[in-house]
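Student: What follows is a single structure, and I will ask about it in a moment.
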Amino acid sequence: MKDHSGSDLARKNAAVKACELVEDGMAVGLGTGSTTAYAIRELGRRVDEGLDIVGVPTSYASEALAIECNIPLSTLAECPELDIDIDGADQVDSSLNVIKGGGAAHTKEKIVSCSSKMFAVVIDGNKLKDVLNRGVPIEVLPYARRLVEKKIAGLGGKCTVRTGSGKDGPTISDNGNFIMDCDFGVINKPAALAEALAQIPGLVEHGIFTNADFVYVGYEDRVERLERKK
Ligand SMILES: O=C(CO)[C@H](O)[C@H](O)COP(=O)(O)O
């Protein structure tokens, strides 16, 4: 479910540039994925130099990396409003609608991004498209799988249960649920689809994010910053 055709340098450039938004005293959401990992390492480097922040991770993976990088951690229970969230994405359209969840972490990622005053997305240039057309990841209570499949079909989509996370059978999220990928073809109205997905019982969270404030698009020789039109 990942597109890693963009270069490591492009991803790193985007992540490091977005970290310039982070200042002393901030509570920072720590997203998940290979691009965000560059941001976590950069924040760790700056913490070593004296930057005073707390991080709130969105997955076991980002928590482990933040610990390795000596970033002091907090939780949404202790710190319900974050200053900024930095996270990756699988695809971004020209209106800055985003598909996330390639790493199966989109439920916590959405909670953290919606708890943040500013949400900065970091991608390489290959992920920027005119229109979204990737499969939309959804997290589903196993009990609700068949109902969710039926409702997604009613919306014109086709679900596949994700497999392959080092075990046989379904990929299980950090929250103990199935991850499914839903093919809707070209998504012309992401906000309307997001709204419809949110109504499905047993669908814990979907990977369409409409709340990015900035998208840092990394290339090997530069970074472009896109800002959502309010
Ligand atoms: O949404 C995500 C995890 O759920 C990731 O941020 C997204 O899949 C991008 O990952 P990467 O930077 O490794 O391409």
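Each Cβ is built from the backbone N, Cα and C atoms, and glycine gets one as well.
Model, not experiment: these values are computed from the prediction.
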Student: Using only what TrEMBL says about substrate binding by Thr32, Gly33, Ser34, Thr35, Asp87, Gly88, Ala89, Asp90, Lys100, Gly101, Gly102, Gly103, identify which of Lys127, Lys129, Lys150 is listed for that site too.
Tutor: Lys127
Student: Name the residue among the binding-site residues Thr32, Ser34 whose Cβ has the smallest number of other Cβ atoms within 10 Å.
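Tutor: Checked Thr32, Ser34; of these binding-site residues, fewest Cβ neighbours within 10 Å: Ser34.
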Student: Looking only at C-alpha atoms, tell me how far Thr32 (substrate binding site) is from Glu109 (active site, proton acceptor), rounded to the nearest Å.
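Tutor: Cα-Cα distance, Thr32 (substrate binding site) to Glu109 (active site, proton acceptor): 8 Å.
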Student: Whole-number answer please: how many Å between the C-alpha atoms of Asp87 (substrate binding site) and Glu109 (active site, proton acceptor)?
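Tutor: Glu109 (active site, proton acceptor) has its Cα 8 Å from the Cα of Asp87 (substrate binding site).
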Student: Whole-number Å only: compute the distance from the Cα of Gly102 (substrate binding site) to the Cα of Glu109 (active site, proton acceptor).
Tutor: 11
Student: Where's the emptiest Cβ shell within 10 Å among the binding-site residues Lys100, Lys127?
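Tutor: Selected from the binding-site residues Lys100, Lys127 on minimum Cβ neighbours within 10 Å: Lys127.
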Student: Rounded to a whole angstrom, what is the C-alpha distance between Ala89 (substrate binding site) and Glu109 (active site, proton acceptor)?
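Tutor: With distance taken Cα to Cα, Glu109 (active site, proton acceptor) is 10 Å from Ala89 (substrate binding site).
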